[in-house]
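Straight from Swiss-Prot, the features:
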ACT_SITE  43  active site, proton donor
ACT_SITE  177  active site, nucleophile
BINDING   104, 124, 158, 159, 160  substrate binding site
BINDING   156  Mn(2+) binding site
């Protein structure tokens, strides 16, 4: 396939029925996978599209350090010059954080991006698929994509959901982004057979908010319980999909609910007025939150991803211990 580069630590990996990609592993990640050390996958979209500069690069490094501090190896995934990299080094991370034309890559975009030697940041869907193909079972992100509001008219639903239906990975998140339809997203996850467990809660979190307003059937109380669930899934062989681990913010760290609701209503009105659709919806609304809350939402967003990175690392450590 044109545009694919070969470098150290390169493996051919089949992501679907028709396309074979070459994954280049960072040295630290390759060594960790070889000897069975715990590894946590991290997305790169938060670096290139999710956070403003210069916070994006600083926070990306903090996320990786949080994973290390909890005993695991971070594997930030992205595409550099057409090649999928599992474990971006600091120069590659800096490149995706500072270059202006970094593409936002879901699973469907990977082939064309590779063929055109593109730089790209992977979404939850693409990161999950690549991580699972590389043998990584735990992934930390901020919020899951989901069913958009008014999806009955727009059919706008994140590929995160259908990808998780066929991808064996645990995704630690603070629920779905509160700009989405949480109830409809939970219904779709149920239909698709994707497990959802609350971490020390029976309520689905609302990203910026501790409580998103919906009950959950299952709750786990420790990283070891999540690791046991992943092991049972693999051993029983009854389901090859993902597991959403919903990790809510403590109530004293959430965004003020009244401010959240007011900002969301204003953002949705602006969205309709300006005709924003598709991939542009989420970054548009997140930017509105950042502006309207005078940076408060950004601070909450950063706390979310750091807390999720820490929990994901603990789960990866517990999973590795079970296999030792």
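Any Cβ shown, glycine's included, is placed from N, Cα and C.
A distance of 12 Å separates the Cα atom of residue 160 (substrate binding site) from that of the residue listed as 'active site, nucleophile'. Across the annotated binding residues for substrate (104, 124, 158, 159, 160), the two most widely spaced Cα atoms sit 13 Å apart.
Restricting the recorded positions 104, 124, 158, 159, 177 to those with a CA within 10 Å of the CA of residue 43 (active site, proton donor) leaves 124, listed by sequence position.
Residue 124 (substrate binding site) carries a helical DSSP state (H, G or I). For the recorded substrate site, residues 104, 124, 158, 159, 160 set the reference point as the centre of their Cβ atoms, and the other residues of that chain within 8 Å of it by Cβ are 106, 123, 125, 126, 145, 163. For the recorded positions 104, 177, counting C-beta atoms within 10 A of each C-beta gives the highest total at 177. Taking only the Cα positions, the spacing between the residue listed as 'active site, nucleophile' and residue 159 (substrate binding site) is 14 angstrom. When the neighbouring Cβ atoms lying within 10 Å are counted for each of the binding-site residues (124, 159), the highest count belongs to 124. Cβ-based neighbour count (10 Å, all protein chains) for residue 158 (substrate binding site) stands at 23. In the three-state DSSP reading, residue 160 (substrate binding site) counts as helix.
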